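Below is one structure, written out as structure tokens; the observations come after it.
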């Protein structure tokens, strides 16, 4: 194996290792996001897109070169009679095997490079959605508590107004109680509106989180299928 294909093979093994680590179930998306926000990654961020595109171009060139080699030696092998040229046939068969091996290595490296980028993006989005859902849940709980408090205050004021109507309150006190009741009723209405809005946002974030989780599971399944196919191809060779 030449130096360039050795480098591509090492790159493929590194990709598989990184993807296996990213798919570990006991490491949460929020923890991965914390790791991605370390200072070293922030320094590399300006060069990430350029490096990503550069690797795609390099892998595509190597993949096309491997396709060309496979087609070249496949045609040459069919044109030779193995009985008349046994040594040449064995040499061409070896060349074809190497070309097919390089084709698989470059193809899987390109595919896993794209999958790894997509998985990292989904992990960040899932972590952001999870954090947003937690914040919205806290807001909903706070709004519920405030609404319950306002409702209790409103009930107390209604009782006080009822008692004031029977002559238990001093003169002129009913008007102040009515104004306070109106203010609390308005606050209660605003709290209920805020609660409905928070619940709608929470439901939207939950749906987004479910969609991201489904997409993450789909990519994980594709990665496992790819590993199985790669193992079967190696066994066939």
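Keep in mind that glycine also has a Cβ here, set from the backbone N, Cα and C atoms.
Features as listed in TrEMBL:
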type	residues	note
COILED	174-229	coiled coil
DOMAIN	1-133	domain 'BAP29/BAP31 transmembrane'
DOMAIN	179-237	domain 'Bap31/Bap29 cytoplasmic coiled-coil'
TRANSMEM	7-27	transmembrane segment
TRANSMEM	47-67	transmembrane segment
TRANSMEM	102-120	transmembrane segment
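If one looks beyond the transmembrane segment (47-67) by at least 6 residues along the same chain, the residues whose Cβ comes under 8 Å of a Cβ in the stretch are 4-5, 8, 99, 102-103, 105-107, 109-110, 113-114, 117.
Remark: secondary structure over the domain 'Bap31/Bap29 cytoplasmic coiled-coil' (179-237) totals 58 helix, 0 strand, 1 coil, with classes taken from DSSP.
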